[in-house]
């Protein structure tokens, strides 16, 4: 009896908006061709490495497969579940599923022999888009994980990036096309007792969306006290960020449709998110006072 089992790692990629990435399997795939599923691939292990080299073998394999198939770089991986099935050929497969945090990259069908299409979906679209119930279950688990994280703490971050010409960096989001805004992200993990996590996430968000690097020493710029709280509703935390280097560009076209530097005197109030507009002028006045 053939007892060989193929171990496959798969990932439900999620972004700061709570969207989930699905990939459409290429027509030439020998199993589930042409259906939407999760990115991933079988584990390659020949037994030649020692324990120190294989501590995170499943996670490393998944990150590699996701990058090869979709062009996306992932951060934190959270185990969701595992299940097994037998392919039409009789081969036995064990699936190990993770929720995979989106870090950078444009979602593309990079490996055309394996993936013919990639797209972002919401939780409400899972049943309509995904055919197999076993795959739907994993996507629901990922959506539940994201919802649980957000229920515990959800801090929105706004980056007021200013350069030496007193220009602020503004973006236009695909989901909110009516106004320009400061680059925004969200923190989906514990921040209790530390500003450092928020500063790092703010800097990463700016770079992921615009290609701009900000200098260390960001200035928190709200009157909201976030430290030592056990639970948050949605809180907006702004930071004043000094431009360090990089050419402003659209790095995440699925999320951002425009990136622009605008001088403080040229900002059109009707074109900018109202709260951001007020905060930008307060930040400019604050920085001007520091220079006098």
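Cβ atoms are placed via backbone N, Cα and C, with glycine included.
Features as listed in TrEMBL:
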- 4-143: domain 'Nudix hydrolase' (DOMAIN)
- 152-284: domain 'Nudix hydrolase' (DOMAIN)
Across the domain 'Nudix hydrolase' (4-143), what are the DSSP residue counts per state (helix, strand, coil)? 35 helix, 55 strand, 50 coil
Average pLDDT across the domain 'Nudix hydrolase' (152-284), rounded to a whole number: 85
By DSSP, how many residues in the domain 'Nudix hydrolase' (152-284) are helix, how many strand, and how many coil? 33 helix, 51 strand, 49 coil
